[in-house]
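**Student:** Below you will find the structure I want to go over with you.
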């Protein structure tokens, strides 16, 4: 709302992006300084082994990060070879658990979520009595700065999206939407790759890299785009508490915008469910090749998905501009992703992981096709030109809400049906079928939109 009412010489969007970037970088710096060291969860035996190796490794330029990585790889191989998946799935649901020994796990394994909550976890035996947690940092300050980062990110992203909408000619909306989708996927991949060096670089250098990337990227956007000096619309109301409250619901009264919102919500609900439970599914249901851990397997599985999505987002963006068909592309994308989720629901056997890789590629093609027209679709149906940034922010809630709802809802479904029949993994079967329904409904409801073809 503030962006839509800004009348500075720099324009409506860029002033808020500059202010938001300052607070965003401040928040990131505060997060780094409030928890500047990586927590270690280890044992005296691990420390002795690491110290002994360090004495002989410095001459070979081997760091403690290399040693920890090798220990994790060795432990992964020991843990993930010849695993009884039925036993792993069913153990939490057996009666009289106090008399039943749990299947072997290690703290760094994905099955032990509590272990991950302690920070970077070094391999250890669960029955060790000499375990010690070395913690540092201030949690309260970290939370405050994290909330500042989230708020500031929205302060940058919402005017940026409105700026793209301002500069997108109707004949190029599909291409622009596709390029944006491809860049989002590229950001996800590059961020994940950078994250693999987190333990080696440390907290402050990693946050410094994030801040540098943000400043460089936003500076390029600010300097390469010009905005006309805006004039305030005489009919636009000043910002007030009542207007803010009404602003969340008013755009949804418009028919086409409401159905664009619902279509996106269901699509993102399906995507959030898959991404939220993919690693659990691999860990509990799929025989993994080469004794890989679920974390390694899901990282490799995402490569064909993201590659296919990045290519198809640009290709289908151009197709939508040349043909004018947006709804058909959304429906095709939704039904393609539904097919992939449906097949994953019933995957079993020693070749299941390789088939899952093929399904990841197919789902990626569908997701990229959807990304290519996602933003173009909302640009086609924005209710009011004068409230463009605010309406885009409301549309953005269709991405935010599934991220909050999909995981707890999926967790309830998973636990409920795993208790019924964990031997066949009924919880995961139902979870993927529910995801399939999300995608199918998204593909059907898009035809309720009237304006776009």
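Every residue, even glycine, has its Cβ placed from backbone N, Cα and C.
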**Student:** Per TrEMBL, which of 114-138, 139-163 is transmembrane segment?
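**Tutor:** Residues 139-163 are the ones TrEMBL records as transmembrane segment.
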**Student:** For the annotation transmembrane segment in TrEMBL, which listed range does it cover: 204-225, 226-247?
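**Tutor:** That would be 204-225, the stretch labelled transmembrane segment in TrEMBL.
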**Student:** Which sequence-distant residues neighbour the transmembrane segment (294-316)? Criterion: at least 6 residues beyond either end, Cβ under 8 Å.
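**Tutor:** Apart from its flanks, the transmembrane segment (294-316) reaches 76, 80, 109-110, 174-175, 178-179, 181-182, 185-186, 188-189, 192, 278-280, 282-283, 286, 288, 329, 333, 353, 356-358, 360-369, 371-373.
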**Student:** Check the domain 'Major facilitator superfamily (MFS) profile' (256-453) for me and report the mean pLDDT.
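**Tutor:** That region's mean pLDDT is 90.
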**Student:** List, by number or range, the same-chain residues at least 6 past the transmembrane segment (175-198) whose CB is under 8 A from its CB atoms?
**Tutor:** 38, 120, 164, 168, 206, 209, 299, 302, 306, 309-310, 313-318, 320-321, 368, 371-377, 379
**Student:** Who are the long-range neighbours of the transmembrane segment (204-225) in its own chain, taking Cβ under 8 Å and residues 6 or more past its ends?
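**Tutor:** Beyond its ends, the transmembrane segment (204-225) has Cβ neighbours at 14, 17-18, 21, 24-25, 28-29, 31-33, 36, 156, 160, 163, 167, 194, 197-198.
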**Student:** Could you give the residue numbers and ranges of same-chain residues that sit at least 6 residues beyond the transmembrane segment (426-447) on either side and whose C-beta is under 8 angstroms from one of its C-beta atoms?
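**Tutor:** Distant Cβ neighbours of the transmembrane segment (426-447) are 259, 262-264, 266-267, 269-270, 273-274, 277, 281, 284-285, 327, 330-335, 337-338, 341-342, 344-346, 410, 413-420.
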